[in-house]
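Colleague: Checked Swiss-Prot, it gives:
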BINDING   Arg37, Gly38, Arg69, Asp88, Asp89, Leu90, Val91, Asp92, Thr93, Gly94, Gly95, Thr96  5-phospho-alpha-D-ribose 1-diphosphate binding site
BINDING   Arg69, Asp92, Thr93, Gly94, Gly95, Thr96, Trp134, Ile135  GMP binding site
BINDING   Asp89  Mg(2+) binding site
BINDING   Asp92, Ile135  xanthine binding site
BINDING   Asp92, Ile135  guanine binding site
Amino acid sequence: MSEKYVVTWDMLQIHARKLASRLLPVEQWKGIIAVSRGGLVPGALLARELGIRHVDTVCISSYDHDNQRELKVLKRAEGDGEGFIVIDDLVDTGGTAVAIREMYPKAHFVTIFAKPAGRPLVDDYVVDIPQDTWIEQPWDMGVVFVPPIAGR
C-alpha cells in the first residue's frame, strides 16, 4: 500500500451516522451482525443510532494489521441474514465480502469505507477509498504528542 488514510474518532462517528440515516426506517431490521473485528465499532455506532439492541457477530480473520492472509471463519451468527444489517469497516479486495454474501445472502451488507475492487459487493457504504490506500482506523492508533516543526 502506497498511501495511508487516517480516520479519526470524530470522522468515524460522522460517517456512521450518515450510514445509519440511510438505513431508516429501523422497523425493517431484526438486528445487526458486526464483522469482527473491523465492524465491531461501526456496528456499535449503528446500533446506538438506530436503537437496535440485537447485535451479533461473525468472526472472520483475514488481516494481520497491514497484511492480508487466508480467510478463516472463527464464529458465525445463525441464519441467512434476512432482516439483518451486516456491517464491516471496509470492503477492500472483496475476499471477506464474498464470504459474507455466501453466509448471509439475504442480509443488507454495508461498510463505512469501500475500495473499487470490493465496492460492487456491498449494498451501501459512505466513503470511497483508492485501492492502493491503507486505512488507519482510530482503534489501531494512540494519541501522541508531536513536537512543533520549528523544534521550539
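Every residue gets a Cβ built from N, Cα and C, even glycine.
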Colleague: Could you round the CA separation between Asp92 (GMP binding site) and Arg37 (5-phospho-alpha-D-ribose 1-diphosphate binding site) to a whole angstrom and send it over?
Modeller: 15
Colleague: Please report the number of other Cβ atoms within 10 Å of the Cβ of Arg37 (5-phospho-alpha-D-ribose 1-diphosphate binding site).
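Modeller: Arg37 (5-phospho-alpha-D-ribose 1-diphosphate binding site) is surrounded by 17 other Cβ atoms within 10 Å.
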Colleague: Name the secondary structure element type, per DSSP in three states, that contains Asp92 (GMP binding site).
Modeller: coil
Colleague: Using all protein chains shown, find which of the binding-site residues Thr93, Thr96 scores highest when you count other CB atoms within 10 A of its CB.
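Modeller: Most Cβ neighbours within 10 Å: Thr96.
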Colleague: Determine the minimum-neighbour residue: among Asp89, Val91, Asp92, Gly94, Ile135, listed as binding-site residues, which Cβ has the fewest other Cβ atoms within 10 angstroms?
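Modeller: Relative to the other binding-site residues in Asp89, Val91, Asp92, Gly94, Ile135, Gly94 has the fewest Cβ atoms within 10 Å.
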Colleague: Relative to the Cβ position of Trp134 (GMP binding site), how many further Cβ atoms are located within 10 Å?
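Modeller: Summing over all protein chains shown, Trp134 (GMP binding site) has 14 other Cβ atoms within 10 Å.
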Colleague: Within 10 angstroms of the C-beta of Gly95 (5-phospho-alpha-D-ribose 1-diphosphate binding site), what count of other C-beta atoms is obtained when all protein chains are considered?
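Modeller: The Cβ of Gly95 (5-phospho-alpha-D-ribose 1-diphosphate binding site) has 19 Cβ neighbours within 10 Å.
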Colleague: Can you grab the distance from Thr96 (GMP binding site) over to Asp89 (5-phospho-alpha-D-ribose 1-diphosphate binding site)? Cα atoms, rounded to a whole Å.
Modeller: 11
Colleague: Looking only at DSSP and grouping its letters into three states, which state does Ile135 (GMP binding site) belong to?
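Modeller: Reduced to three states, the DSSP call for Ile135 (GMP binding site) is strand.
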